Amino acid sequence: MSFSHQEIEKKWQAFWEENKTFKTDEQAEGPHFYALDMFPYPSGAGLHVGHPEGYTATDILARMKRMQGYNVLHPMGWDAFGLPAEQYALDTGKHPATFTKQNIDTFKRQIKELGFSYDWDREISTTDPHYYKWTQWIFLKLYEKGLAYIDEVAVNWCPALGTVLANEEIVDGVSERGGHPVERRPMKQWVLRITAYAERLLEDLEELEWPESLKDMQRNWIGKSEGAEVTFKINEHSVNVFTTRPDTLFGATYMVLAPEHKLVTEITTDEQKEAVEAYQKQVALKSDIERTDLAKEKTGAFTGAYAINPVNGEKIPVWIADYVLISYGTGAVMAVPAHDERDFEFANAFGLPIKEVVAGGDVSKAAYTGDGEHVNSDFLNGLNKQEAVEKMIVWLEENGAGQRKVTYRLRDWLFSRQRYWGEPIPIIHWEDGSMSALDESELPLVLPDLEEIKPSGTGESPLANAKDWLEVVDPKTGMRGRRETNTMPQWAGSCWYYLRYIDPTNDEALADPEKLKNWLPVDTYIGGAEHAVLHLLYARFWHKFLYDIGVVPTKEPFQKVFNQGMILGENNEKMSKSKGNVVNPDEIIASHGADTLRLYEMFMGPLDASVAWSTNGLDGSRRFLERVWRLIVNEETGKLNSNVKDVEGNEAFVRTYHQTVKKVTEDFAELRFNTGISQLMVFVNEGNKQEVLPKALIEGFVKLLSPVAPHIAEELWEKLGHTDTITYEAWPTYDESLLVENEVEVVVQMNGKVKTKLVINKGASKEEMEAAALADEKVQAAIGEKTIRKVIAVPGKLVNIVVG
């Protein structure tokens, strides 16, 4: 071993901690740069090698920006509420707070051992009452503005977990955690009106430097559709249907309601009641994903009722079917089987009529979904789709049968969880049926310490068991009330944590407005693609709301977002405990060192690619650092090599250095770390060929290496004679004029055969090339007594002398 990574890494980590090297100086001059990591959920398993990939990327940026004169904010914290900690507590009998603290301590130790340049004075945890005071404050503001409300919602109820799950917590009809069955059940829930921001969330994506694929995921989730809302009468009732194809209204031959639609019980005839109720029970056991699976067999039940098609007065049967969701649109669809695939399959399954209204296909065999001339459509006949859509909307509006409408796939955000380990919702329900919000002065509403945190199983959270905390009396009126027993979802704390880092100890406000102005928006935010939709969408929604009420100065929270790829096991499979292919960073730090792990994870491929872990690759990264060490340090004495001197160096090596500064600077700024590191390797290879190493160039190289491998860089910096940390040294700059070669090697031929090679000025003219070739001793000897017939010079390449 050429250097002891254990000694060097411990030494410099202790130095950084004692000196608070990475503390952000609010008073510092210069531009600001905010480098943010998606903060981790501190699980019991500790850090795995996937975590440091994103953290190393932001750390390289933060370290480089400090050296470029930026005032850098680079914080870390913990997303510590949520289901897994509570589930663990239920399984083991330990309190989630105890378990969470242990996990945070482990994560923090592991992160510090990797040498990340975080300002630990800004550390936050979503479970800290000083933090969640402001999460609750944001909720109160949303409630004040009518954006937080209670609604009866068909929710995913998991009896085994005793809680409601969001759609994204369900995989293939069972809970993601534990694989328990999930059923649909109506419940009173807190909901946030994110739909009020749908258009802005969509439009403002254009201003962001995000990967296009990520923007598309958000666009699809928001799911804007333009069309018309059409009113159908069913007896004395009416039902609104949204359609993007109002032009096909003449082809509507039946209607389908979601089985949960409130009209179903009112319109179902006595003859159909039994079949309808049986079908409703069957559907309650299915998830939305199962219900909308295109490949599955169509099922449904006839209600016995008929709706009137407003455009032609025809009676059409009303069915219920699971492929229509109450949570999407109005929970009712007009079925046009000739021109919609699902409607076509349903019509065939139940023998319902199929009426062609757009020519161009054979609707006896399949639905025709393309454009074409309208037929069997009265005043729309002969028109194409766009003209017919417009004309039908005008007709609907003139006849009071409908209107132009824009809808979004985005649903309001189900915000309550029947769990203990989350932020309490600061609301009181009074015995007279009213409810009121806590006053801001009463925040934080602290989570009570419970012995027993088993779900109540009634739909209420374990907080229903905390009698002293739960029951309140209004001191003015004597009226009794109960606190809200639901808690907030894990998303709540992670929606705004990047704001609290800016001013983490402020008791008077969420953060100081001046500080927010200095640091927002976040310059670069790096994290896993699994948060591409929900976390980023929820955070953008809260940020826009806070902008509207004057708390934050920007419309968007994150200017640039980058999703790192996944680190797979050596067999190209996802790392998991069950497969036994998880790599623990503690072991790598012990065997190879933190610098090696950092270097390897940045060198293994493009940052956004998923790449398999390779022990050989890890060994290669260690060998490179050993080569760096040997280039600069004498292994026997441990001092600087004697060939590192205050000299200028030869032109070729100076050129390699300037090329290295340029490439590393540009590649690191664009997160192309693997190609930047390749160039560092080129420099070391060239350095090993030099008899003398110019000290200034070696110092510049060590600075370039320092963001990737900070411990070894600090040690080398010290050996180069410096007494202070490398952290705030000036980042190297390059000279454009020294990037290119000024001289070029040209071949001299005689009658097409190579006689010699000459090094001449790159810009030499043909005449100068000829003169240099003819003056060369070897050439003169070869010409001898022969006559020169012709000299051909190709600038920068060759001189051919024709003799006879």
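Cβ from N, Cα, C; glycine included.
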Matching range for Swiss-Prot feature annotation, motif ''HIGH' region', among 40-51, 268-279, 400-411: 40-51
From 4-8, 574-578, 614-618, the residue range that Swiss-Prot assigns the feature motif ''KMSKS' region': 574-578
Secondary structure content, the motif ''KMSKS' region' (574-578) (per DSSP, counts of residues): 0 helix, 1 strand, 4 coil
Cβ atoms near K577 (ATP binding site) (within 10 Å, other residues, all chains): 9
